[in-house]
Amino acid sequence: MRMRHKPWANDFLAENADIAISDPAQYKGRWNTVFGNDNPIHIEVGTGKGQFISGMAKQNPDINYIGIELFKSVIVTAVQKVKDSGAHNVRLLNIDAETLNDVFERGEIKRVYLNFSDPWPKNRHEKRRLTFKTFLKKYEEVMGETGEIHFKTDNRGLFEYSLKSFSEYGLLLTEVSLDLHNSDPKGNIMTEYEEKFSALGQPIYRAEVEWRTKDRL
């Protein structure tokens, strides 16, 4: 999908530097100082327009959230949503997920959210999928010995691929739903895509896996 250029985006992000962190690598290993507390940190890779992360932050004030979004034209919308929500436990980073271990120390992150990631359906693009083994390794590098991935998608092919990828990587599947909205999901915060697909009657697939790297070190 082609993103519309927003020439004002740089100025907007600079004006909201308390939310959109411009040089996140400087905080590697000390994100607690950014939030002013030692609460656990959860990240969302591919934060999009920010509905999920701002909702989660409001629902869980004792957890710190960091959203990762590659596209500047999208993250500006997320910044505005965080501002409108009034949540103070959210920061947003305009970076590539490939650079996670440049930004976070091992063990600094407790949970990774992957919501409606691009399925990259062509085989030649497999390495771009956020549940491909090289990305799982990056999540491992920032979570350390324990951690979790919470994964949602409307794409059955990506879901099946991801379950296989998780299993081959040695992760433990703790929850799985083939139709999330018909299984009474407690505390579920919907993304913009989730609202759209759910309204069309499409099932939403969800999985939780535990990161038990100590079993493989």
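Using N, Cα and C of the backbone, Cβ positions are placed for all residues, glycine too.
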According to Swiss-Prot, which candidate in ASP11, ASP18, ASP96 joins GLU44, GLU69, ASP118 at the S-adenosyl-L-methionine site: ASP96
Where Swiss-Prot places region 'Interaction with RNA' among the ranges 106-111, 124-129: 124-129
Cα distance (Å, whole number) from ASP118 (active site) to THR191 (substrate binding site): 14
Residue pair LYS122 (substrate binding site), GLU44 (S-adenosyl-L-methionine binding site) - Cα distance, angstrom, rounded: 24
Residue, out of the binding-site residues GLU44, ASP96, GLU192, whose Cβ gathers the largest set of other Cβ atoms within 10 Å: GLU44
Listed recorded positions (GLU69, ASP118, ASP154), ranked by Cβ neighbours within 10 Å, top entry: GLU69
CB contacts for LYS122 (substrate binding site) [other CB atoms within 10 A, all chains]: 8
